[in-house]
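If you look up Swiss-Prot, you'll see 57, 193, 199, 320 marked as substrate binding site. Feature annotation from Swiss-Prot assigns Mn(2+) binding site to 199, 218, 255; the stated evidence is sequence analysis. The ATP binding site annotation in Swiss-Prot covers 199, 218, 234, 235, 236, 237, 238, 239, 240, 241, 242, 283, 320, 445 and rests on sequence analysis.
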């Protein structure tokens, strides 16, 4: 449905479109995508799009305007780079000029399912599939809400505009994602990747909410039949979406949550799942969610049958699907729950030295939250691929707008107050490092999580790891005991000891950044021994 180009607020943004399409229905979006030749439908009717050169976020192209209202709060550094007001103004003028007389799609909605702390938002895009992405991922307003919705924060996405003066501006590339927190505006140029809008709003929520004493978290969440909720923290690819989507528990959300005085709540209205090697046997709920109204990104498909090949990474390893949360059958109404009983940190340990599951004290949980360890396998296709440790504070450093200790303090206070249990789960390798070790079996990890959530794991006898200082169970119902003690799973015990010591050193080295000045966050004694 086309609406007047005078849609409230557009002129104030400096936008002069030829046509405006506002909060389209899924059927309308589908027709626009086809008419604009933006995508192809798969054999089961799911829209498939290609996001162009960028198949992932561009973290080095993310900036915040250095302005008085926010400059003393922002965690400046490699994650949040300063840009001047003058450069923002210049690029803002270029972006609005670029969108002049174009057909625009406008999504108005919300972020945050808690009425007290949600923000109303507007996303302006030039492509129908980006409008589709927003409709899937943000909270869709009712007709009544839409009629009176006054956006507090706006994203203007001119993905087709590239900044030709980036060198003169001292920026990283012709791509930019710039936030002006005083004006409550974000402008995007040069990248079509949908995740920039999703994580852009998350970065904004990570600024405003903690300042109101509400913890924002890069985690998934679900709730059991008795109202017992659990949080799953982890970096991309560690299993947040997969492990929180559980047929026996209701899904609250798969990636972004808040925790306030009433409990936990989802920030989003949809899920954004990785689809590489998606298997209907091990991930039936996600597989079933991929249907009409879902949106597949950068997948490879058969040109004739349009059947998707989920095993192919020909375009990217980061193949994705976004879908509205109601595509999952077993969801928590309202996407919120009471205070969590359990916090689980997920790590993909490519060194294969961490236990399959470890119980953490609150102090150990603080250490591991600030460390945010996972490991990825770097390198080219030729030659040896060695694991590379990645330390991403709060298991989501790229989206943290305030200093990591700000979130850690809130997490520690809430965990103590509500007596929350914490566990560290290795979804990575067992029996050796990359090249030798095998990926932790998904059914085994699910069984470990079931035993944590039903409380049975507490009955186990625990052993303290001599290097990592965490406690791991000697047995877990339904799980092969040899994977529980990581050293036992290695053929060469000396190799294990050396690899564990190497990783411990990296933990210690990384944590030094929290040891300067105040000792408030010195949890180093609860971390690995190097």
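Any Cβ shown, glycine's included, is placed from N, Cα and C.
Here the features listed in Swiss-Prot are painted onto the structure.
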residue: 57; record: substrate binding site; CB count, 10 Å: 21
residue: 193; record: substrate binding site; CB count, 10 Å: 26
residue: 199; record: substrate binding site; CB count, 10 Å: 23
residue: 218; record: Mn(2+) binding site; CB count, 10 Å: 25
residue: 234; record: ATP binding site; CB count, 10 Å: 27
residue: 236; record: ATP binding site; CB count, 10 Å: 21
residue: 238; record: ATP binding site; CB count, 10 Å: 22
residue: 240; record: ATP binding site; CB count, 10 Å: 28
residue: 242; record: ATP binding site; CB count, 10 Å: 24
residue: 320; record: substrate binding site; CB count, 10 Å: 22
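Neighbours of residue 255 (Mn(2+) binding site), defined as other CB atoms within 10 A of its CB across all chains, total 27. In sequence order, 198, 202, 256, 396, 399 are the residues of the same chain, not among 199, 218, 255, whose CB sits within 8 A of the CB centroid for the Mn(2+) site. Rounded to the nearest whole angstrom, the C-alpha distance between residue 193 (substrate binding site) and residue 236 (ATP binding site) is 16. Note: the substrate site is recorded as 57, 193, 199, 320; in the same chain, 56, 194, 195, 196, 198, 272, 318 also have Cβ atoms within 8 Å of that site's Cβ centroid. Proximity to residue 255 (Mn(2+) binding site), defined by a C-alpha to C-alpha distance within 10 angstroms, is shown by the following binding-site residues from 57, 234, 238, 242, 320: 234. Checked against residue 57 (substrate binding site), the binding-site residues 218, 234, 236, 238, 242 differ in C-alpha distance, with 236 being the nearest. Site extent for ATP: the farthest pair of Cα atoms among 199, 218, 234, 235, 236, 237, 238, 239, 240, 241, 242, 283, 320, 445 sits 28 Å apart. For residue 320 (substrate binding site), the nearest neighbour among the listed binding-site residues (236, 238, 240), judged by C-alpha distance, is 236.
Of all residue pairs in 57, 193, 199, 320, the annotated binders of substrate, the farthest apart have Cα atoms separated by 14 Å.
Reduced to three states, the DSSP call for residue 57 (substrate binding site) is coil. When the binding-site residues 236, 238, 240 are ranked by how far their Cα is from the Cα of residue 199 (substrate binding site), 236 comes first. In the three-state DSSP classification, residue 218 (Mn(2+) binding site) falls within a strand.
DSSP gives residue 320 (substrate binding site) a strand state. Cα to Cα, residue 234 (ATP binding site) and residue 218 (Mn(2+) binding site) are separated by 7 Å.
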